[in-house]
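Accompanying notes for the structure given below.
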Number of protein chains: 2
Amino acid sequence: MTAHTNIKQHKHCHEDHPIRRSDSAVSIVHLKRAPFKVTVIGSGNWGTTIAKVIAENTELHSHIFEPEVRMWVFDEKIGDENLTDIINTRHQNVKYLPNIDLPHNLVADPDLLHSIKGADILVFNIPHQFLPNIVKQLQGHVAPHVRAISCLKGFELGSKGVQLLSSYVTDELGIQCGALSGANLAPEVAKEHWSETTVAYQLPKDYQGDGKDVDHKILKLLFHRPYFHVNVIDDVAGISIAGALKNVVALACGFVEGMGWGNNASAAIQRLGLGEIIKFGRMFFPESKVETYYQESAGVADLITTCSGGRNVKVATYMAKTGKSALEAEKELLNGQSAQGIITCREVHEWLRTCELTQEFPLFEAVYQIVYNNVRMEDLPEMIEELDIDDE
Amino acid sequence: MTAHTNIKQHKHCHEDHPIRRSDSAVSIVHLKRAPFKVTVIGSGNWGTTIAKVIAENTELHSHIFEPEVRMWVFDEKIGDENLTDIINTRHQNVKYLPNIDLPHNLVADPDLLHSIKGADILVFNIPHQFLPNIVKQLQGHVAPHVRAISCLKGFELGSKGVQLLSSYVTDELGIQCGALSGANLAPEVAKEHWSETTVAYQLPKDYQGDGKDVDHKILKLLFHRPYFHVNVIDDVAGISIAGALKNVVALACGFVEGMGWGNNASAAIQRLGLGEIIKFGRMFFPESKVETYYQESAGVADLITTCSGGRNVKVATYMAKTGKSALEAEKELLNGQSAQGIITCREVHEWLRTCELTQEFPLFEAVYQIVYNNVRMEDLPEMIEELDIDDE
């Protein structure tokens, strides 16, 4: 008997309580309505990656989902061709996700309203600053039974204060909206390297019932892949807050990396960042759960992967090494994409200033001051030094 | 007014409750006894680094501590010279911490019993498998008023089950023992790159009173440096468990890195690892606090830095790339030092097997099986796949 067999045997200890694995979840969903039609709104590297994941699943579970998935593309010229045409003929997003083959049932569509026609599930995956404009165009064209998942990272700052993007979608379009967030650097998910994610969704008041409406099981079937493990929970606020704020922490890690301060310093920043994320959640979204931040992929794991790579670290490292501004760094490095932390740290600062609470979040505030007010990054440790309770 | 000044001003919001910063803590300790004499037992890279930190502080706070710090060195020949003599003349540990200048008040001593003569504070910093032998030699030579801090990572497995090393020291030597643990890759601390750590200590029943005995303030003065920020707490169990088990998680991260699976996979491993660390703590050391694991440097931050670099990751990555065994990898890479995860994963496995609980800790068990039973690392995701509660 090999050791490996031993492990399998240990799992048998659970035989008293047979547990179905995710890949068999399909067997227990009996759809009592026409299959769900899905549209992905957005086609950056993360949008295209999620569209790939979804199209693989709609093809596989064709009794649950319409196999064809539409992806709205903000069209642009690549040489003489439209990006949309390239995606639909060569099945690659050559600009934002090169060298990754996309499923043929994923159809790019440059017309926003046409792309969502007949859709039951909308998956938003665009830079969050474009959301208000997109939502405005959609108003009056989305049926109330439609459900949405936001893969966006950030907040909406309006008259109501700081608002989750999922709540913004719900308010503006009158549809239930959950969120997807996790330790998911897009290029790695696109290459089908093993990773995990968290989907959060709460059943709406007008939930149509099992087999007739989107629920946790349907969302698992829509997003779970053998290389992309999905955990579905209720805490939309928790995963959205973590997903937005980790980008601010990642900027600080990028500064530390650019200054050559090493792994200990980066880990210290992540620890402090996790603490401020939890504090922000408890203060402004008390419905979020502390466990989400340290147990879920969308919490601590996303923080870790975002702080070890990704756009925000890249931009901040470049700022530290060259002395250039955030916007210059973004322009030079990101091929037209955004480092969300640049916007989020300003939104967070504005909100905290309104509440007169900036001093309660010294790391977030330090990042804002470095990015927007030329404060020296070398002063980061001093700025974030914790109050020394022991000495009081 | 610069933006930086603004930040300073925000800090002034705390003026109602004046808070002293760590570096001013010295002013509030009035010693009512002869200064404390400190000995560091151990001289690997971490032992030497902590001895350097301590010697800098004993020199600085000479009314609290005897400036001279003894460091016990397991002596060995470097060419024709004894390592001890090299340290005492050239003030560098050329074998384990090359190119780092050590304070002249740090004195290497090859004689264990001589090194602890008159010491009031013992700081243990040796590979944990050597502890029983060291402790045996010390028995009968340590006065009851002596206090200790363990910087060791691991457990002691004996007739009492799995035991914290600090408890082991207390049981065997009859002295109170706390712990120091944090996001502290030794070479970076040695180079004085900014980092944080956690010290945990509980006052003993025979505590002699303020200014006469070791307490949180004294420990802060002993370990805190401008580049090494110390937080002192009570939870010895929490930081010890986190410090021991993170090395097992780091091996798994090394496997993932060696197989080229990327940052998302490594973050997923760290998330799962943090979950198993917390579960282990709650199950076997219910006095430990969940917050310690996700709030302290010794918790999540140490996990992150250990999984991003350090010996265990190095060894495991090498195993993945070359197919060599853990012991071969250790021998070829570590210049005579240990990767503690190799021993800890076996201790944890033996303990969990005794309790028939291996299946509750799939990541720890997978690491054990890969290291000791040639289980394929490629099967890691399958081995650690979480039970899918949603589908029950």
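The backbone N, Cα and C atoms fix where each Cβ goes, and this holds for glycine too.
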Exercise. Which of these, A:Phe74, A:Phe223, A:Phe280, A:Phe284, does TrEMBL say binds NAD(+) at the same site as A:Gly42, A:Ser43, A:Gly44, A:Asn45, A:Trp46, A:Gly47, A:Phe130, A:Ala186, A:Arg311, A:Gln340?
Worked result: A:Phe74
For this session: Name, in order along the sequence, the binding-site residues among A:Gly44, A:Trp46, A:Phe74, A:Gln340 with a Cβ closer than 8 Å to any chain B Cβ.
Result: none
Exercise. C-alpha of A:Gln340 (NAD(+) binding site) to C-alpha of A:Lys246 (active site, proton acceptor): distance in Å?
Worked result: 10
For this session: Please list, for the domain 'Glycerol-3-phosphate dehydrogenase NAD-dependent C-terminal' (A:235-380), how many residues fall into helix, strand and coil according to DSSP.
Result: 117 helix, 0 strand, 29 coil
Exercise. If we check Cα distances from A:Lys246 (active site, proton acceptor), which of the binding-site residues A:Gly44, A:Trp46, A:Phe74 wins as closest?
Worked result: A:Trp46
Problem set entry | Local backbone state of A:Phe74 (NAD(+) binding site), from DSSP in three classes | coil
Problem set entry | Most crowded position, judged by CB atoms within 10 A, among A:Trp46, A:Phe74 as binding-site residues | A:Trp46
